[in-house]
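Since the structure comes first, as structure tokens, the remarks are kept for the end.
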Amino acid sequence: MSQNESSPLKSSSSSSSLQVFSMMSLSPSLGSSYPWLKELKSEERGLYLIHLLLTCANHVATGSLENANIALEQISELASPDGDTMQRIAAYFTEALADRVLKTWPGLHKAINSTRVVDLVSEQALVRRLFFEVFPFLKAAFLLVNQAIIEAMEGEKVVHVIDLDAAEPMQWIALIRGLSARPEGPPHLRITGIHVRKEVLDQMGHRLSEEAEKLDIPFQFNPVVGELEDLDVERLHVKTGEAVAISSVLRLHSLLASDDEPLRKKLPLALKNSNGIHLQRALQMSQNTLGELLEKDTVNGYSPSPDSASSSPLSSPVSPKVDTFLTALRGLLPKLVVITEQDSNHNGSTLMERLLESLHSYAAFFDCLESTVSRASSERLKLEKMLFGNEIKNIISCEGAERKERHEKLEKWIQRLDSAGFCNVPLSYYGMLQAKTLLQGYNCNGYKMKGENGCVMICWQDRPMFSVSAW
């Protein structure tokens, strides 16, 4: 919640009023209007929204759709995409839960969406650009990646960089400039970009070629059009004598989608209804932000952790598609592989598990925006709806191969890369110093960075948001 409009729970009367939430039953007799909800104070509203979301998710998971509908109706009275932080995030989780309910009637779901025309690739390009401009996370990651490549390629005369998701030319423009300043002179540079859309690659190739020509660097761009899932490494045209570096930015997690389809049908649909415990936990909290409201765990309720999904068969680091892909990359004998991933646990096997984990992680993004961007900002609204809202919907509403947003923690990626035969390369102090300086240059003290096992975690407050690791 906004620090400007909420304060810690202090009075016994306020605490007493919130105790009512855990005893409330969602009943059709309440009707279609809930005027008393409008009288809740900001913090009371936030706590009740969490209670309603947990209750609704449990009803959806157990197939109690009538009760889910009642909960959704109450949430809709309180949630708002242009309200305070909790109202905004609740609006997108509500939409995701409603979409999951609609999917129980496939015909109805298809009919409602039949005329919806969305250019997903263009939309993704737009929101990624907005994300790059509003947040410093990717900028800091690019600094770390480029410095790792420059250091690994010291003395090499022919360098081949493979970009597994060629969507941002600014990263490689900065690399070209960095390589041009080498004391021994620039290498012959070849960049291979992989993207589903040819015009994106054409635009990137044109911009990079212009920059290389300006700096008099021998340069070649190799576009590979297609999905990463279907990539044949032969199309990368790695040549003998090249020093190869591979960069993956927010891309590898999507390969996990094809791994759980055979297992999904064998798993339970829902966890036990423990909403009372979750609510009792929330009632004892004092908070200034949504992140604090969700993070502080003072009773024996659910507390997300890096290993909270370790018991789930689907969250095991054994992932055939990713393992096969990493093994294929290892066969290219790269001198360096640098991986950037969102450091979250969104690949749990059950709806409730994913909802709780994603509430925590997206709370940090929404708190970040609340602290740095005006609520009325059109860029903020687009980011929340087109990026975070769509990711939340994919995590909550989708299953099987359709669920692409399968972010996992650094520990899981370390296990996979170790298994594929890669060895960790600690990121350099100089690269970390550059990234830390960039974060400090933002007019907000919430952006932080810390080292972990030779890798770097880019954080909001004390919560890791993205990991960067070199191999």
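Backbone N, Cα and C define each Cβ position, glycine as well.
TrEMBL lists 303-318 with the feature compositional bias 'Low complexity'.
According to TrEMBL, the feature region 'Leucine repeat II (LRII)' maps to 203-235. Within the region 'Leucine repeat II (LRII)' (203-235), the DSSP-based counts of helix, strand and coil residues read 18 helix, 7 strand, 8 coil.
Taken from TrEMBL, the feature region 'Disordered' covers 297-318.
Mean pLDDT for the region 'SAW' (397-471) in the predicted structure: 94. Residues or ranges marked as region 'SAW' in TrEMBL: 397-471.
For 159-163, the entry in TrEMBL reads motif 'VHIID'. For the motif 'VHIID' (159-163), same-chain residues at least 6 beyond its ends with a Cβ under 8 Å from one of its own Cβ atoms are 149, 153, 171-172, 175, 179, 187-194, 236, 238-239, 242-247, 332, 334.
Feature annotation from TrEMBL assigns motif 'LXXLL motif' to 252-256. Beyond the ends of the motif 'LXXLL motif' (252-256), by six or more residues, the same chain brings 164, 228-229, 319, 321-322, 325, 339, 341-342, 347, 404-408, 413 to within a C-beta distance below 8 angstroms of the stretch.
With DSSP states grouped into helix (H, G, I), strand (E, B) and coil, the motif 'LXXLL motif' (252-256) comes out at 5 helix, 0 strand, 0 coil.
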